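The structure under discussion appears below in the form of structure tokens.
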Amino acid sequence: MARRSRHRLLLLLLRYLVVALGYHKAYGFSAPKDQQVVTAVEYQEAILACKTPKKTVSSRLEWKKLGRSVSFVYYQQTLQGDFKNRAEMIDFNIRIKNVTRSDAGKYRCEVSAPSEQGQNLEEDTVTLEVLVAPAVPSCEVPSSALSGTVVELRCQDKEGNPAPEYTWFKDGIRLLENPRLGSQSTNSSYTMNTKTGTLQFNTVSKLDTGEYSCEARNSVGYRRCPGKRMQVDDLNISGIIAAVVVVALVISVCGLGVCYAQRKGYFSKETSFQKSNSSSKATTMSENDFKHTKSFII
């Protein structure tokens, strides 16, 4: 009896497992572990492949672009949005004829098909990376500088993907990243950062006078900004000394003039003249006041 009860219990457990597995297959979903990464150059084509079982007549396919908000790319057997004019369906796959940088992101295809146990859903995820060539970089080059000072030139591009590297040119000749390897006719005190695009002269000299341009380059392409001239002049020490001497002479002449006027009594005469005018005005006022008082009494 004990053996029979054990056999019955095992049979019940096996039946339960079969039902559970069938339920999972019917109503669950499966996705490939390895996610695809598709790389495409901007304005060229890309194919987003959906790695699922073969398509059947009753299969239903949907493509979605994932992000902050999920948007349909292919829904109810029709491409959505601007994909209508620049994409086509090849079986379960999407062929984008003209990729733009805004297409970059994650996409998911969902395939549902009826089975004996119910509706079966499978999905696959594809990441699209769009490579973009640099635009014309913005270059900041000072028009003038004094020798011996620190001068920094800047170059930047905000569109390239992957991020570009930068190279500086002087009078059309490429500047080496290590200035010590260059000729003796160039200033070896500069520092070039190919990642950030800065060119810094620790002590700029007259040898650095010239036309500077910058090139941004990545695996897709390169662009260069128009050249800008930088003029480096020596500090005019003799001119500064001459200006200081002239100012000192002017101040000295003005001081001597004031002393001479005081000795000649120009300032004292002016004071006595002001005193006489004030006394005469006071006398006139007192007489008028007296006459007015007398007439009032009468």
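A Cβ is built for glycine as well, from the same backbone N, Cα and C atoms used for every other residue.
Keep in mind that this is a model prediction, so the values were computed, not measured.
Residues or ranges marked as signal peptide by Swiss-Prot: 1-28.
Summarising the annotation, Swiss-Prot assigns topological domain 'Extracellular' to 29-238.
Annotation comment: Swiss-Prot describes 32-127 as domain 'Ig-like V-type', evidence class sequence analysis.
Per Swiss-Prot, the feature disulfide bond maps to CYS50-CYS109 (among others); the stated evidence is sequence analysis. The Cβ of CYS109 (disulfide bond) lies under 8 Å from the Cβ of LEU48, CYS50, THR52, LEU61, GLU62, TRP63, LYS64, PHE92, GLU123, ASP124, VAL126, each of which sits 6+ residues away along the same chain.
Per Swiss-Prot, N-linked glycosylation site is recorded for ASN98 (among others), and the stated evidence type is experimental evidence. In sequence order, TYR43, GLN44, GLU45, ARG86 are the residues of the chain that are 6 or more apart from ASN98 (N-linked glycosylation site) and have a CB within less than 8 Å of its CB.
If you look up Swiss-Prot, you'll see 134-238 marked as domain 'Ig-like C2-type', on the strength of sequence analysis.
Residues or ranges marked as disulfide bond by Swiss-Prot on the basis of sequence analysis: CYS155-CYS214 (among others). Of all Cβ atoms in the shown protein chains, 26 besides its own fall within 10 Å of the Cβ of CYS155 (disulfide bond). Secondary structure at CYS155 (disulfide bond), as computed by DSSP, is strand.
Taken from Swiss-Prot, the feature N-linked glycosylation site applies to ASN187 (among others).
Positions annotated as N-linked glycosylation site by Swiss-Prot, on the basis of sequence analysis: ASN236 (among others).
The transmembrane segment feature in Swiss-Prot is assigned to 239-259; the stated evidence is sequence analysis.
The annotation topological domain 'Cytoplasmic' is assigned in Swiss-Prot to 260-298 on the grounds of sequence analysis.
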Between the disulfide-bonded residues CYS50, CYS214, where is the Cβ count within 10 Å the lowest?
CYS50
Looking only at the domain 'Ig-like V-type' (32-127), what are its DSSP counts of helix, strand and coil residues?
7 helix, 50 strand, 39 coil
Mean predicted confidence [pLDDT] for the topological domain 'Extracellular' (29-238):
90
DSSP on CYS214 (disulfide bond), three-state: which is it?
strand
